[in-house]
Amino acid sequence: MPKRPDIQKILVIGSGPIVIGQAAEFDYAGTQACLALKEEGYEVILVNSNPATIMTDPTTADRVYIEPLEPEFVERIIRQERPDALLATLGGQTGLNLAFELDKRGVLRDCGVELLGTKLSAIVQAEDREQFRNLMFELGHGVPESEIVHTLESAWGFAERIGYPIIIRPAYTLGGTGGGIAHDRESFEQIVESGLKASPVTQVLLEKSIAGMKEVEFEVMRDSSDQAIIVCAMENFDPVGVHTGDSIVFAPTQTLSDRDYQMLRSVSLDIIRALGIEGGCNIQFALDPDSFTYYVIEVNPRVSRSSALASKATGYPIAKLAAKVAVGYKLSELKNPVTETSYASFEPALDYVVAKIPRFAFDKFESADRRLGTQMKATGEVMAIGRNLEEALLKAVRSLELGMEELHLPQLSALDTEQLEHGLIHPTDERLFIVYEALRRGYSVETLHQLTKIDRFYLQKLNRIWQAEQQLIKEPLTSERLLEVKRLGFSDVAIARMLSMDTEAVRTKRKEWNIRPVYKMVDTCAAEFASETPYFYGTYEVENEAVKTDRESILVLGSGPIRIGQGVEFDYATVHSIDTIRDAGYEAIIINNNPETVSTDFSISDRLYFEPLTTEDVLEVIENENPLGVIVQFGGQTAINLAASLEANGVKILGTTLEDIDRAEDRKAFEATLSAERLAQPPGKTATNVEEAVACANELGYPVLVRPSYVLGGRAMEIVYEQSELERYMRHAVIASKDRPVLIDRYLTGIEIEVDAICDGTDVYIPGIMEHIERAGVHSGDSIAVYPPQRLSEELKQKVVDYTIKLAKAFRIKGLLNIQFVYADDLYVIEVNPRASRTVPFISKVTGLPVARIATQTILGTSLKELGLGTGIHPESDSISVKVPVFSFAKLKEVDPSLGPEMKSTGEVMATDRTLEKALYKGLVAAGMNIALKGNVLMTIADHDKDEAIALAKRFDRLGFRLMATSGTADCLEAEQMRVRRVGKIQEDGETMLSVIERGDVDLIINTTSRDALVTKDGFLIRRTAAEQGTLCLTSLDTVEALLQVIESLSFQTVSIPAFTTFGVMV
């Protein structure tokens, strides 16, 4: 059946901001789907709130709305656009929940909008825990013994009957939000309550724990004619009990017998048919390793994180084909775009092993609870491909950018036996490395299996790596031995450490013995059909399938896994750069290792290498391809950090030179450049030890801002107010050395200003100036950015332009630069980044300028004048746009939600309107804030903020909010004639701050941080409780000011009429 002719216009719902559990995989899926529908001649309307996506570029759909993904906004777009159909299954859980809500409100029926692909009844059957369980019973498929409850009271009976542990799974949530495994009565009560709050239908499934069984996932596709195939079967390294997003995953399945596989394949096809899903679907199983007993854990009736992994692992573009299936195509009518000869109805076959390892943010959040369970905590992931499991695994490990390229984590050597075994039994993000440490200490595979429940097969593979390491150390190095360990995935850096050699000596020896990788093609069919796909992975075999073409090429380095501080914004810039290189007639090559992103879609570049971003792996690709040069500007700090080693090996870095990159990143060279240009900067110094740091701070005067050099996302950055804090920071937060000095600046409070600019070496063009609502001291990535700026005079804006032009020329920028200023009576330069920044997508969207594209054109030699730009600033927009950060604190237990100089947000949203208040309202709503127009405001304010907070409290009071405060703050408010409900401090008897938050009596918390130890502890507990209860908690008074502006703009003023006057005489 060809595409449906009765549909002309389709609305596609995106997934919104990046949060833990829903990341860049939906940008990849949504972009694929929109382009596929446009390819078929449909008019495509897109709504999404995330500006940092290729999906929201004006070229992806016919019309793009960057608006909050809330029913009232999407309803308005539907009534305005009148689409014939809605495609919601590519927008993750957000898209499904929106479709469900729009249907419930009658919007789809009233406007005659058909839901494409998977029908609502199937979504409800898969997402509603009770209906799903009943369907599995009907089909005769096992589900763990379970019960659905809507209240805590009704949950106790199940707990008493079954006993602990119990798994709690909320309905209609993302990444296991609100769920977990309860091991006792106390944790059961806490998780059930949080699960009921997290579920939009107040429903949780209580399930007898099957933790310890094998976890297997099947990615399935089906069309309207009931053709169904398995795209990919994947197996988790970790047994059931760890969320699949936090688990290491291998494809194809490694330990299933043919009988196991065929059984689960049949069950998967049975389930997708019973649900009537048209498109992609992910099914998760628990399999008893000692019998043929299986349980169906859950079904995701949509494109998911696993779909993106399966697409990249197999080369089969699930989202693209799912979109075409949704408009009526059969799988047997669709050509597989990889082979261009076989059809989409052929199940992919793999002749390699794929390993996925999650990337966590615990390097930024050392206080976080690192234990893994059913609630996802990873911010991103890496994927690697090898000819064997060991090679794929070790390539994935070095893709994580953890500062190591092997399984030996040195700090684990300090664990005693009890600590080690605790780490084996209770999984954390370091589980893989802890298992390897146990093998190093002589634990047997069988003992480790009993402690971890990890399949013996995987433990044997890890043991093989350990044995190979031992042989390498103990026996003379021969070409045969070196080839053996290279085939197992050992890197030159790891081999050099094991042999106490220099890395370059290992590389030289390898070349001498002609031990070089070749590149194999990912073709979906294990070479059964001819394939032209330019999608490669490196391995140590004989035949090279990545034969260099005659065309001149340019290599772009990607940004690796998504983490806090380096998100999807960098992939956005990378994709634009690749497009520009292709349009200029060059062959565009990319190296990246993130399966979630658009840049690793094989159709984006001319040649894609799915490889680790290390010096060794990048140099090998360069030797295979011999490009004209390498662009490092768009890959964040990952790519910038490779520039020096690449140039040392004779590689040409295109754009800003390495020397100039270093001048911007090296403190002394940076200060010298600013002094030469007579540009002001906050007074600052560098220190390499505690004594130097104390002397520097005394000279500068407290408070000071301290941070390590060469970091992204403000990692380990703090504002310190006294010597004892500084000494603690120097001893515990950083490892300072002559090579890695600590930067110490006078801390200036003022308006923070941010600029992205493009320079061709002669001219400097500024797309726009952004101001931050939060004053300097809150990381720019966690601040609300406003464009065009609302508080800057024309004179100050001109000064920003003049400074930007001077800086771009002084640092000899070729391409992009990002500058951060602070205005505090004068304009100070905080930092200059000679690369793409996280604001590039936002400034591109609000100005209509494709910033990364223009920057790439200048890198390739086109002048700004030739592009019709020259020197100056782009005309300001009439409308006002805001970029609002989005946080994932509910998923990261023990992380303090207070804002400061270290970045904590995982994503962002954008909103545009005619006034700042309207734009802010939309932005705050899109970021998930519940804006109350009445209710209770709890204020706990540090002494140094009290004067400013009182003025804000008066405005809340005038708006009719009820104020709540502890004694110190309450005294201040009452002294200003405000009514206050007093609540006790945490340690006091009676009604306390925590009890009113836990009871749901508070609509907004304003909590500013104090340096008093007891107050600090109380503040942390308040902020954490607020995060877990879903109560809005603001820690910056600037954000409170912005919120008040919004509430005041939404509130009607009630004013009594004045008395009559007659000719100036009162009547």
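In case you wondered, yes, glycine gets a Cβ from its N, Cα and C as well.
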From candidates GLN723, GLN820, Swiss-Prot puts in the same ATP 2 site as ARG707, ARG746, LEU748, GLU752, GLY777, VAL778, HIS779, SER780, GLU831 the residue GLN820
In chain order, residues whose C-beta lies under 8 angstroms from the C-beta of GLU831 (Mg(2+) 3 binding site), counting only those at least six residues away in the same chain, are ILE819, GLN820
Simplified DSSP label at GLU298 (Mn(2+) 1 binding site) comes out strand
Once DSSP output is merged into helix, strand and coil, GLU215 (ATP 1 binding site) belongs to strand
Judged by other C-beta atoms within 10 Å of its C-beta, the most isolated of the binding-site residues ARG129, LYS208, ARG707 is LYS208
Within 10 Å of GLU298 (Mn(2+) 1 binding site) (Cα basis), scanning binding-site residues ARG707, LEU748, GLY777, ASN833, I find none
The most crowded of the binding-site residues GLU215, GLU298, judged by neighbouring Cβ atoms within 10 Å of its own Cβ, is GLU215
Going by C-beta under 8 A and a gap of 6 or more residues, the same-chain neighbours of ASN300 (Mn(2+) 2 binding site) are ALA126, CYS281, ASN282, ILE283, SER306
Whole-Å Cα distance, HIS779 (ATP 2 binding site) to ASN833 (Mg(2+) 4 binding site), is 15
In whole Å, the longest Cα-Cα distance within the recorded ATP 2 binders ARG707, ARG746, LEU748, GLU752, GLY777, VAL778, HIS779, SER780, GLN820, GLU831 is 18
Per DSSP (helix/strand/coil reduction), GLU831 (Mg(2+) 3 binding site) sits in strand
Neighbouring CB atoms within 10 angstroms of the CB of HIS779 (ATP 2 binding site), all protein chains considered, total 23
